[in-house]
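Undergrad: Take a look at what TrEMBL says about it:
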DOMAIN    5-93  domain 'Ig-like'
DOMAIN    207-291  domain 'Ig-like'
DOMAIN    298-381  domain 'Ig-like'
DOMAIN    386-468  domain 'Ig-like'
TRANSMEM  481-505  transmembrane segment
Amino acid sequence: VVKAFEMEIIPAERVVAQIGDTLILTCNTTGCASPSFSWRAQMDNPLGGKVSKHRTYSTLTMNPVSIVNSHLYICTVICDEKEKKEKKEKDVKVELYSFPSDPIIEIKLSLVAGEPATVICKIPDVYPSDRLEVLLKKDEHVLHREDFLQEGSTNTETKIVTYTFHPMAEDIGKEITCVARLPIANMDFEPKERTSSLKILNANFGPQNTIITASPGISPMEGDSLNLTCVTQSNPPPQIVWSKYLAKESIQHLIKNNVLSIPHVHFNDSGLYICEVINLVTNKTEKATVDIIIQGAPVITKLSIEPSTIVQEGENVSIQCSAESNPPPKIILRRKSNNADMGPYSDRGILLPSVTFQNGGDYECVAENKFGNSRSEITLNVKYGPKNTKITVIPTNALKEGETVTMKCTSSGNPAPVISWNKKKATGESEKISKNSTLTIQNLKSQDLGLYECEAYNQFGKEEKAVKLYIQARLEEQDQMIALIIAFSSVAAVAVPAVAILIYVSRQAKINGSYSLVKALRLKV
């Protein structure tokens, strides 16, 4: 089936375009393999566009559309095939408008209510401007109406409407609206109405009636968030500066904002806060204050030992504790002990003049109020030389020759004393025989007899004790030797004076041996 030669223009008959946009007219054919196309404007006006030809259609592109494109455009197509030549034409009318943006509104205001104010409304790039209608409104009340019917237009124009009125104080905050309409009959486009608004801010006043609101309140709990809002009446909006009174009437400047926010309040956030409101136009200033009191359980802020937690015996020591809370805390400072007697006790501080080793240990500070309590500990470490050095001899009863004798030396001190044993020679010199606290003599013999010295030593001093071993007599029965321990003790650093002589005899015997150190049972004390 052979199709008949036909043509069409897209869009057909009539098209509405906005100046500045892009418009494409298409001339399309069917039933002709190689048509030829031509475009022209009515009255031989310039095309004002670019023609593109394809095998079965042709386009006329106007980019951008301008006022010269407001014409009737005709597309002519000739089909010359099989000795038959056909010609067809169709046209389309291009109608133009321009309404590209909302009005621009300005208000020239006085600084005093009741004085003249001028409203200026600009409607940019309108075409055709003789169809333009403009309304000026205060809220819903029409102030002014204007049209441009008497003005012909051959291109886009910016139209300006000016109106003067006298705003009053009650007009503050109301809107002035410029409504621009382009109602062109039989022309389908959107929008045909554009508006812009501006609030009336003509009267400058204030600041006045300035107050501070606190959320959740002026006495929040420690750790809560706190928001302080400064509320005032002022036009134009004022500059707001927050500050806080510190000690000695000094002021700490905080932020420039109407809301002062503290995410987690602490006790040191308590104080008097000032909101200062400044109107830079009226040159007026107003202040408001609020006293914030942070409540909560005590927090111990200081627990210290002076001059140090490690001291030497004899130094003066001060232990201090402080805490903060609201309401104020009750503070107890005491020495911890497993005994009923807690030792030194005070409400805030303990003074230990000429400290002794008995004062060393853990000290506890307790702070409490109705919201709870807080505890903290500190340790006083007192360094001192050896004390209470003593020697223990095992066994404690009479010794027999050949037995084992154990002598143990103990001493207290901080740091723990180093203990060593010396034995006096016949020449009077001392010989170091052990660096252990326990000295053991096995298979006791006569050469083991003599004076033994225990020495306790650390960096803060030295203390000595001594013990003397004697063999006193041989008993008749069983040829047993009975050793008597005579202990001499001293605290002196070098000399070892006699303190006590202990003589124990297991049973009365008749002396028949060869020892001549002493006569049996006749030893003088």
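Glycine residues also receive a Cβ, built from the backbone N, Cα and C atoms like all the rest.
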Undergrad: Can you count helix, strand and coil residues in the domain 'Ig-like' (207-291) using DSSP?
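TA: Helix, strand and coil residues of the domain 'Ig-like' (207-291) number 6 helix, 51 strand, 28 coil.
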Undergrad: Is it possible to list how many residues within the domain 'Ig-like' (5-93) are helical, extended or coil according to DSSP?
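TA: Tallying H, G and I as helix, E and B as strand, the rest coil: 6 helix, 55 strand, 28 coil.
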Undergrad: Provide the three-state DSSP residue tally for the domain 'Ig-like' (386-468): helix first, then strand, then coil.
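TA: DSSP composition of the domain 'Ig-like' (386-468): 3 helix, 54 strand, 26 coil.
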